[in-house]
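Enquirer: What follows is a single structure, and I will ask about it in a moment.
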Amino acid sequence: PPGLYGAGVKPGEVPGIADQSTGIERLQYLGDAEGVPVFDTAPLDSSRVGTKKDPIIVPSPERIIGCTGSPADSHDVLWFPLMKGRQHRCLECGSVYEMDFYGEEHDEHH
């Protein structure tokens, strides 16, 4: 993959984010500059409580979600990871979430 780093700053200039950001920060910066959302930060459906038979579906290859209850902000945010093939229940309100996996499987090789 191409390197995610900028050209750097010219001598005598003060660097800005475009000059000095690297990696995932630079990816997000470049996406924002082009109007392309790199990360899905839209809120999940909080109009209802998900159940085992009708969970809140989260389209993602990998996701950490924050539940605030239904209606939204009914309780403090509880963060938990979603994993493919499993339903996850919020320990505060009982809402059930399930991942709708898309993308490629991780190779898991280092």
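Positions of Cβ are set from backbone N, Cα and C atoms, glycine also.
Those TrEMBL annotations? Automatic predictions, nothing curated.
Pulled the feature table from TrEMBL, pasting it below:
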BINDING   Cys67, His75, Cys90, Cys93  Zn(2+) binding site
DOMAIN    90-110  domain 'C2H2-type'
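Please go over these features one by one and say how buried each is and what sits next to it.
Expert: In three-state terms derived from DSSP, Cys93 (Zn(2+) binding site) belongs to neither a helical nor a strand segment and is classed as coil. Around Cys93 (Zn(2+) binding site), the same-chain residues six or more apart in sequence whose CB sits under 8 Å from its CB are Val49, Cys67, Gly69, Ser70, Ser74, His75, listed in sequence order.
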Enquirer: Using a 10 Å cut-off on CB atoms, tell me which of the binding-site residues Cys67, Cys90 is the least crowded.
Expert: Cys90
Enquirer: Once Cys67, His75, Cys90, Cys93 are set aside, which residues in the chain still have Cβ within 8 Å of the Cβ centroid of the Zn(2+) site?
Expert: Thr68, Gly69, Ser70, Ser74, Leu78, Leu91, Glu92, Gly94, Ser95
